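In what follows, a single structure is set out as structure tokens and then discussed.
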Amino acid sequence: MTVLIVEDDDITREAMGQYLKLSGFNVIEAENGEKAVELSENVDVALVDVMLPGMSGIEVVNKIKAKNPSCVVFVVTAYDDTEIVKKCVEAGADDFIKKPVNLELLRLKITHALRNRVFHMYRNSYLKSLKKKLFLLEKTAEEFFTEYEDFLFEVLEILNMLSEYRDMETHRHTERVGWLSGRIAEEMGMSEVFVTEIQFAAPLHDIGKIGIPDRILLKPGILTPEEFEIMKQHTTIGFRILSRSNSPILQLGAEIALTHHERWDGSGYPRGLKEREIPISGLIVAVADSFDAMVSRRPYKNPKPLEEAFREIESLSGKLYSPEVVEAFLKLEKEITDVYRREKDEDTSHNGGRSHQSSPGEGVEGIR
């Protein structure tokens, strides 16, 4: 370790230098500030006398610290003036030593200061290395979650496709229910996270229908009471399928699958929940699912006109549906109408100009 002694008094400088050399330090000496600054670039410790010819000790401290920030600087002074000591500390001095210098105390102070310097060097190096590792970990974690998110969306799409293979209309229905649920949740002031999650989870509401026999699922007519009891099981089947996952979206999907046929007045299934017993996700999807089912063609029914479906949902507010959800839904009436008409126009052009006609007497009671 190299110590720079900056002292204009030859006797004091040589005494300190000799003692420190015997203590195992490499010593460099300077009798003025200009030479001290010139020699300070690679030293570990600098002992600077306050009273120097030409450049003041305070100025020397400042310049040494600017040139070699890691250097430990001691101010050597015969004065008790605290103002001078304060100015030296403000200039960058780490400690001060009073004259006449106690050489053993000087050695101990230097040794202690160097130990602290080494500790801080290793600590800073470690922190820098740790910061780099944390950056890499964050980057790796970000990549992992991006891959996980992509994987999850693929799973959601596969689950939707499973429904599509059983009922070709189901896939488009689930997409519309997802969009409607997201818009209703947004209109209700739900969090951005919830809006995103319900938009992806709502399309899974009927996933349990993959466990319903085709003779019931695709029956072109009203179900018998026995058949309807079997159809009701799609809610619990869907819940069992989705609830096995720890994914927040699939957990929400399980909740929706189980509760989207519950009704505000307690007349729904499978558990006959009512009002606030029904989770908000189930209340939202109940409206989205019912509306889309009303205006869509099914093997057992023709579609209702949009205006008629809106008014039917409105008339059932506080009966079958949550008043709060219906209120948000009706605020979106123009936007929803535009989207559905645009989709209908696209379907009509693809089907050679054919469009669907509604039949009288097809109400919400026909929704499965």
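Note: Cβ is positioned from N, Cα and C throughout, glycine not excepted.
Per Swiss-Prot, the feature domain 'Response regulatory' maps to 2-114; the stated evidence is sequence analysis. As annotated by Swiss-Prot, domain 'HD-GYP' applies to 148-345, with the evidence given as sequence analysis. Taken from Swiss-Prot, the feature divalent metal cation 2 binding site covers Glu169, His205, Asp206, and the record attributes it to experimental evidence. Sequence annotations record features per position, and here Swiss-Prot assigns divalent metal cation 3 binding site to Glu169, His173, Asp289. Per Swiss-Prot, divalent metal cation 1 binding site is recorded for Asp206, His234, His260, His261. Among the features that Swiss-Prot reports, compositional bias 'Polar residues' is placed at 350-360.
Features per Swiss-Prot, on structure.
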| residue | record | Cβ neighbours (10 Å) |
| --- | --- | --- |
| His173 | divalent metal cation 3 binding site | 20 |
| His205 | divalent metal cation 2 binding site | 32 |
| Asp206 | divalent metal cation 2 binding site | 27 |
| His234 | divalent metal cation 1 binding site | 23 |
| His260 | divalent metal cation 1 binding site | 27 |
| His261 | divalent metal cation 1 binding site | 23 |
| Asp289 | divalent metal cation 3 binding site | 24 |
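Calculated from their C-alpha atoms, the gap between His205 (divalent metal cation 2 binding site) and His260 (divalent metal cation 1 binding site) amounts to 7 Å. Put simply, His261 (divalent metal cation 1 binding site) is 9 Å from Asp289 (divalent metal cation 3 binding site) when counted between their Cα atoms. His234 (divalent metal cation 1 binding site) and His173 (divalent metal cation 3 binding site) have their C-alpha atoms 16 Å apart, to the nearest angstrom. According to DSSP, His234 (divalent metal cation 1 binding site) is assigned to a helical segment. Rounded to a whole number, the distance between the Cα atoms of Asp206 (divalent metal cation 2 binding site) and His173 (divalent metal cation 3 binding site) is 10 Å. Across the domain 'Response regulatory' (2-114), DSSP helix (H, G, I), strand (E, B) and coil residues number 56 helix, 25 strand, 32 coil. Asp206 (divalent metal cation 2 binding site) and His260 (divalent metal cation 1 binding site) are 9 Å apart (CA-CA, integer value).
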